[in-house]
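Copied over from TrEMBL, here are the features:
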type     : residues : note
DOMAIN   : 81-192   : domain 'Amino acid transporter transmembrane'
TRANSMEM : 83-103   : transmembrane segment
TRANSMEM : 109-129  : transmembrane segment
TRANSMEM : 162-182  : transmembrane segment
TRANSMEM : 253-269  : transmembrane segment
DOMAIN   : 254-520  : domain 'Amino acid transporter transmembrane'
TRANSMEM : 281-302  : transmembrane segment
TRANSMEM : 322-344  : transmembrane segment
TRANSMEM : 356-377  : transmembrane segment
TRANSMEM : 405-426  : transmembrane segment
TRANSMEM : 438-463  : transmembrane segment
TRANSMEM : 469-492  : transmembrane segment
TRANSMEM : 504-524  : transmembrane segment
Amino acid sequence: RPFHVEPTNIVSVNDDMQRVTDEASAMNKRIHYYSRLTSPADRALIAPDHVLPAPDEIYVYSPLGTAFKVDSCTDGYGKNSSIVTIFMIWNTMMGTSILSIPWGIKQAGFTSGIILILLMGILTLYCCYRVVKSRKMIPLIDTSNWEFPDVCKYYFGSFGQWSSLLFSMVSLVGAMVVYWVLMSNFLFNTGKFIYNFFHYINVTDIVPGTNGSNKVICPSAASGHPPQNRSVMFSSGNNTGFELFEEWWNKSQTVPFYLIAVLLPLLNLKSPSFFAKFNVLGTVSVVYLVFLVTVKAARLGIHLEYNWFTENDFFVPEFRILFPQLTGVLTLAFFIHNCVITLLQNNRNQENNVRDLSIAYFLVGLTYLYVGVIIFASFPSPPLSKECIEQNFLDNFPSDDIMSFVARIFLLFQMMTVYPLLGYLARVQLLRQFFGNAYPSVFHVLVLNVAIVGAGVAMARFYPNIGGIIRYSGATCGLAFVFVYPSLIYVISLHRAGQLTWPALITHIFIILLGLANLIAQFLL
């Protein structure tokens, strides 16, 4: 791609040549990275008008469910300022886990939940430091274009290459399954709201809840009832039509299948770059969720009672044995380790990487802490028990709640634009490893996409628990990318340099054991 440099404000020919050289070098690094995701014949990620439209536009893809584009944010040399870098990391990490943080705090207990969010943030940040430093500790090799899987391959050979692929696929497919469950949920509640509004139906729910204009419900208390609209009274001129709607608009039995008609064709597109244009909605959705919980808390008030180890009808203990369920969720909530090198390598001042990464983690942790604590503290107990807090806290607001309806609309559209990008990443990583081409044929791509969609539909149908899915996938991929690989690579590099000490060895063995215990605990509790 040709580069044109305006002569204005160029002090000397040497400065002019240096700018061209720096800009070309930055562009070449980006082209090299994206071209590695596909075969040479597949130009889906290297066409200038798609992923690299100009030196001042950057697409950042994350297996966590975020695709982020920065427009006109660079300094003209293909580099980002610290503020842009911090925002990109924050935006990439803020995923669907935020919806399950209040549930996780309930499972762990209020006090222990706050402590665990802080400790997991610090621990995952330290492991992220180790990832960033890992490629710089390899001597005599140019690792400027390496990603963390490349580092794993260097230290562990083919085992590192294939195991990193496996755990990366776990994070990708896990995110896509969570997305399908949530999209089914949001589409169901949105359709229910629209139908009731236009047909002038006033539904009285049998689900226990508070009274008044700021209603909060407890869906888990009505788990013995059919998982439909759960309504017994309505005022409408056409009762048969309402019953027919309930039969064909069911959260687990019909709605997950309706999504196939829209999303399966989108997964088969060769290039998903069009959908990256809409991912500013991810930031808008998070900001709106923070606004929603703030307004709800102001209206509901604070409802807390400290019972350190005993449980009563309305409150949970401050410390609970179920705390590993929160650590599993937090492992995925703070997971950025397999793409953090990509995000930081375009930072204008590389010496600020540690500082910028720390600030981004602080902001992410603050966002999680704010949403989780506010929802838990303001949940109206009594009359409802804190045990009623759902794995998706939006489920604690009825479908006719206007603010929750807007949040579901935002999240539904944002997830429908991100889902094809996640599918494309899964296709690139898997098919290119086996066939050397991200799009070997329509048949190969269709089989893979049907398998991924089938997993999402099955989970939405039989296990629509996003908290459970997040903690299982988070603890699994986190074991490799957060706890084991960064610690082992650091220990091995110190040993080869003759700098390994017993405190360093014991510390990193302890981190590995924490990750293993975190994974095992998910299946025991």
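Using N, Cα and C of the backbone, Cβ positions are placed for all residues, glycine too.
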Should anything in the same chain at least six residues away from the transmembrane segment (162-182) have a Cβ under 8 Å from its Cβ atoms, list it; otherwise answer none. 63-65, 95-96, 99, 148-149, 152-153, 156, 256, 259, 332, 335, 338, 392, 411, 415, 418-419, 422-423, 425-426, 429-430, 433, 452-453, 455-457, 459-460, 464-466, 469-470, 472-474, 476-477, 479-481, 485
Ranked first among 83-103, 109-129, 281-302, 356-377, 469-492 for CB pairs under 8 angstroms with the transmembrane segment (504-524): 469-492
With an 8 Å cut-off on Cβ pairs and a sequence gap of 6 or more, do the transmembrane segment (253-269) and the transmembrane segment (405-426) reach 3 or more such pairs? yes
Report the DSSP secondary-structure composition of the domain 'Amino acid transporter transmembrane' (81-192) as helix, strand and coil residue counts. 97 helix, 0 strand, 15 coil
Which one, 83-103, 356-377, 405-426, 438-463, has the most C-beta pairs under 8 Å toward the transmembrane segment (322-344)? 83-103
For the transmembrane segment (356-377), out of 83-103, 438-463, 469-492, most C-beta pairs under 8 A are with 83-103
Cβ under 8 Å to the transmembrane segment (83-103), counting only same-chain residues 6 or more beyond its ends: which ones? 60, 62, 64-66, 68, 70, 73-74, 117, 175, 178-179, 182, 282-283, 286, 289, 329-330, 332-336, 339-340, 343-344, 346-347, 356-357, 359-361, 363-364, 367-368, 371-372, 375-376, 379, 389-394, 466-467, 470, 474
Close approaches to the transmembrane segment (438-463) from elsewhere in its chain (Cβ under 8 angstroms; 6 or more beyond its ends): 37-39, 42, 44, 173, 176-177, 179-181, 184, 252-253, 255-257, 259-260, 263-264, 267-268, 270, 423, 426-428, 430-432, 469
